[in-house]
Each structure stands twice: as structure tokens, then as C-alpha cells.
């Protein structure tokens, strides 16, 4: 049952990510901004050929090599730790986010980013980035609370 739940979460995460990215591309000009919540959040359409804070900009080969490795390792750990809820949640979200951005990189050579925080200087990000970030936080909690790793 958990395998099916993991698959559903991954598919829903990818669909949400890809549908929203497509909406942004269709409705916002590249570089333009639409205010969503004044002084808090806006949508700014950018093409990101790197990672957060423009690290590895223009290094698509790095992501095209690294992402499948991360996915294989995450899938292996998901299989091994399926019964442990924190690992299950974290790894499932990481896989969904990694696949969402990987699909962009393979198809377009860049990732569509759109969420811009207005109240702090933070990189523009997307739904896949949110899934990855939350997944890594949950995985970190899983590792810290795992009695087997102590």
C-alpha cells in the first residue's frame, strides 16, 4: 500500500509542478512579475540553467549526470526504509521534486522558476524546489531520529 501511496504522491507532485510551470510560461512574459500577495510573494517567470543562487549556471551536464544518481540512491533508500514514515515522506518528496526539475532540464535545457519572495532576498523557485526542500528537511529529521544510525 505504501508503494502505491509513494507513486501517487510522486505523480501528483510532478503534475502540479509541470502544470503550474506551463501556466506561468503561457501567462507571464519572461522576466515579468505578477504580484500575488503584496510585499510577500509574486510570480516572476525566469529560465534557470543553474541551481539556487545561480550556482552551477550553464552546467546542464552536471545536473543531467547528478539527478539520475540522486534518483537511484533515493529509490534504493525508499525501498529499504519504506516502513519508516519519516524516510518514506522525505524520500518520496525528494524523488518528486528531482523528477519535476529533471524533466525541464531534459526537455528544455533549463528549469522554469516563478515564486519570488518579496520580504527577503531569496532565489526564485518552483514547486519542484519546494518538494525537494521539504523532502530534505524531513529526511534530515528521519536521520536524526533514527535509532539505527545512532
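Every residue number used here counts from 1 along the chain in the order it is shown.
Every residue gets a Cβ built from N, Cα and C, even glycine.
With a 10 A radius on its CB, residue 113 (active site) counts 24 other CB atoms from all the protein chains. Positions annotated as active site by Swiss-Prot, on the basis of sequence analysis: 113 (among others).
Reduced to three states, the DSSP call for residue 129 (active site) is helix. The active site annotation in Swiss-Prot covers 129 (among others).
Swiss-Prot lists 5-25 (among others) with the feature transmembrane segment, giving sequence analysis as the kind of evidence. Through the fold, the transmembrane segment (5-25) approaches residues 43, 45, 78, 82, 88, 92-93, 95-97, 99-101, 103-104, 112, 114, 126-128, 131 of its own chain, all at least 6 residues removed from its boundaries and within a Cβ separation under 8 Å.
Within its own chain, the transmembrane segment (59-79) has Cβ neighbours under 8 Å at 6, 49-51, 87-88, 91-92, 94-95, 98-99, 101-102, 105-106, 109-110, counting only residues six or more beyond its boundaries. Residues or ranges marked as transmembrane segment by Swiss-Prot: 59-79 (among others).
Residues 2-3, 6, 9-10, 12-14, 17-18, 63-64, 67-68, 70-71, 74-75, 111, 126-142, 145-146 of the same chain sit 6 or more residues outside the transmembrane segment (82-102) yet have a Cβ under 8 Å from a Cβ within it. Among the features that Swiss-Prot reports, transmembrane segment is placed at 82-102 (among others), with the record citing sequence analysis.
Look at Swiss-Prot and you will find 124-144 (among others) tagged as transmembrane segment, backed by sequence analysis.
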Exercise. Where else in the chain does the transmembrane segment (124-144) make close Cβ contacts, counting only residues six or more beyond its ends and a cut-off under 8 Å?
Worked result: 13-14, 16-17, 20-21, 44, 46, 48, 52, 81, 84, 86-87, 89-101, 104, 111-116
Seminar exercise, completed: Going by C-beta under 8 A and a gap of 6 or more residues, the same-chain neighbours of residue 129 (active site) are 52, 97, 101, 113
